[in-house]
């Protein structure tokens, strides 16, 4: 058997990032207490380098490598570029927060980069095992990040819960994959499509496999009824980690669904369409209704995430390029809003004080009207009020779902988003209508101030001019199918 | 477009830009902030004037049109234009904004820049609603108009402001979200168009028409507001600051009426005819029943709020009579109600600023201390009651004429409002203004300042002018209304 060296070019960004993770770990080992920021800058450099590498291979062509287990196409490149941007933003937002809580160590950054690597592998997988590999790399890094604050019992509990439930979901997923393999005899996603289309397989086994796979996916997307971990983890983890979990991994989850359900099991669309519709409605209902009862804003945003994931699933129902690109647009919009929201929560917290109760937002307008304005924009965007980006995201997915003939689903989604509007408005109410308990004004470091401004403006401007992002999503989807 | 100049864009964006500048200015120098707001509001009115001058009232097509691609994937255009229905409403809005800015001049002391900025931005947004010919653009402006009003009620409102603000927001959002579903459905049926004018020509089967009609009706009925979805209005009015009440009554309620004319009637004409009885019934309930409710109010603002609901009942009644008198009368009523209700709220605001009470029982004998004010208030109260010679009479009279053509009993019930309207308005006027000076606080009242005088005088002029000589208004809308009636008469099944 002769050994052919695979073509490494499509995987350059991953390889580079892996090397850089090791560099970060080693450098931090030898850097003294004074030079903790070294890891931070190295991590940003790693992301920038990976971005350059990804951008240089950005093309409309699809290239496979590692015996067809790894694919580099427009979808993976677009998602990766967005991930770098998101992770870099998250790291910059987190810097002050983690340094005040003794988390500014190499571990935080190397785990974050490992998680990023996992996400990259996920969105570039064209083989079920690669997909699983990426997912586990991401998950393990996240478990560790949640538990990073060792002396916090809440964080440890959250990590434990996350790990146990996550391992269970991975088990589901793997079991489902094995059934798919048993039914079709292949694990390569492109081949799966061909086999299913030819009809030479055991349909019953395949459907059971599909059910397990969808269950695994919904866990990762935190869709109801597999959402239990999300509120606890969001609340328990240090806010910097919550921000990380809530943002970039959702992009990866979208890529995961695209690779697994659309590329691999696209021929089974008739079967998974109904499942996703059910998951979507359940997520929107539970997410929006339970969020009203929350007094902790991190927990509230966890439920809001659950409902947003329901909306993302709506986009998949159309089973065409427009629908998928609508879902992708929604995910990107969601990440943009979430990063800003958690970013502000983190910026409001001080040493020994987490600004995670909703009442901590009381009178924010009087303490710092600019931040209050940005938070208001983000909340309105999440509620789907134009001209913020969240509205156009909702518009596209609703249109996709209606195109698929799910009128009842669209009407319920609309009614549920009305219920959702209430708790977003509540935040605005606290910020604008109430008087602050602490009158001390809030000041930020200039770089963070600039970043949060850009982030808030993006929520409005990309809403007023959604063409670019919508076009990007459509481009990515069209050139990878 | 006038000489290739994007006039409508200017009318929309100029106040918004001024509003943003005022917001950024902050409260460091209140004088500059106030003057800048006034300049922005007046400039907004001045740039809207060529709209009337350059308007060709002999055609029913859209004028001053602008069209460019907004986002391609969903086929959405930045598509603007006005006809005889929307043009007067834009003028009304631009006319009201300076008055609101002046009304809040000294009264608002906290967060002035945010207050003024919110009103200017809202003015631009509302112009956008009236000028949009693309459904997504329309919806964007429609929803966006909620945000400044929500903030205005919530921040500068009365004691129960949070409840009122959230109720206002959620009520309106419920209606508009169902409209969104209808719009997406129309997008699907029209094979990928969001153009409102395309929808006007689109054939739709009866069942779908009825469903679309109901979705639209919910959105617009909440805004108008029609009985029984009117309950947010008294709450919002009572809690809102004076400027907020004025804009709410004079402008935001008109959005609902405008929606019926732009969407419900032309897009679903068959369903409109089919369900006209329901709308007429609800309108008459509003006219009669809400008129009686107004009679019983102890709170002046609440009384005027209910009187608004009752008067807006005339508007929706006029729409669904499907004759020229009814439709034109309803349009005149909308404009006239904009002046009168705005003026009534300003009058209450004048009293409230001095006494910090809206209870009728706290007043009495105000005329002894504020004779000039009492004269103005008298004029507006008469107009509210529909006295001939004021604008209130013209619209109501035309609608009653229109309803006689259709059914005597419609006219009978509608005409009852002339009695109820006179009863609740004048009774309130009598209790507040006449009689002996009721208490020490009234004793200390001072008559209106020059600032207040100027606002009330402008409005009084408008009310009288429109009442004596309404032709300039009816002239511009005549052809558009006729065209709309013809359009409704054609089946779209």
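Cβ coordinates are placed from backbone N, Cα and C, and glycine is handled just like the others.
Unlike curated records, TrEMBL annotations are generated automatically.
Worth saying up front: this structure is predicted, and the values here are computed from it rather than measured.
The feature transmembrane segment is assigned by TrEMBL to B:6-24, B:36-55, B:112-130, B:136-156, B:168-187, B:243-263, B:275-296, B:303-322, B:334-352, B:372-395, B:407-427, B:453-471 (among others). Per TrEMBL, the feature domain 'NADH:ubiquinone oxidoreductase chain 4 N-terminal' maps to B:59-123. Under the heading domain 'NADH:quinone oxidoreductase/Mrp antiporter transmembrane', TrEMBL lists B:133-417.
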Positions on the same chain near the transmembrane segment (B:6-24), where near means CB under 8 A and six or more residues out: 33, 36-37, 39-41, 43-44, 47-48, 50-51, 54, 64, 66, 80-82, 90, 94, 97, 113-114, 116-121, 123-125, 127-128, 131
Other parts of the chain folded back onto the transmembrane segment (B:136-156), taken as Cβ under 8 Å at six or more residues beyond its ends: 70, 74, 76-80, 108, 110-111, 114-115, 118-119, 121-122, 125-126, 128-129, 162, 164-166, 168-169, 172-173, 176, 179-180, 183, 194, 196, 236, 239-241, 243-244, 247-248, 252, 255
Beyond the flanks of the transmembrane segment (B:453-471) by 6 or more, those residues with Cβ under 8 Å of it: 95, 99, 102-103, 332, 335-336, 339-340, 342-343, 346-347, 350, 372-373, 376, 379-380, 383, 388-394
Long-range Cβ neighbours of the transmembrane segment (B:372-395) (under 8 Å; 6 or more residues past either end): 304, 307, 311, 314, 318, 329-337, 339-341, 343-344, 347, 350, 366, 417-418, 421-422, 425-426, 428-429, 432-433, 447-448, 452-453, 456-457, 459-460, 462-468, 470
Residue counts (helix, strand, coil, in that order) that DSSP gives for the domain 'NADH:ubiquinone oxidoreductase chain 4 N-terminal' (B:59-123): 30 helix, 16 strand, 19 coil
Non-local residues, at least 6 beyond the ends, that sit with Cβ under 8 Å of the transmembrane segment (B:303-322): 221, 224-227, 230, 233-234, 237-238, 245, 249, 253, 256-257, 260-261, 265, 272-273, 276, 279-280, 282-287, 290-291, 293-294, 297, 328-331, 333-334, 337, 341, 344-345, 348, 360, 384, 395-396, 398-399, 402-403, 405-406, 410, 414, 417, 420-421, 424-425, 428, 485, 488-489
For the transmembrane segment (B:275-296), sequence-distant contacts whose Cβ falls under 8 Å of one of its Cβ atoms, 6 or more beyond its ends: 210, 213, 217, 221, 226-228, 230, 303, 306-307, 309-310, 312-314, 316-317, 319-322, 410, 413-414, 416-417, 420-421, 423-424, 427
Intrachain neighbours beyond the transmembrane segment (B:168-187), with Cβ under 8 angstroms and 6 or more residues off its ends: 74, 135-136, 139, 142-143, 146, 149-150, 153, 193-194, 199, 202, 208, 211-212, 215-216, 218-223, 229, 232, 235-236, 263, 267
PLDDT averaged over the residues of the domain 'NADH:ubiquinone oxidoreductase chain 4 N-terminal' (B:59-123): 86
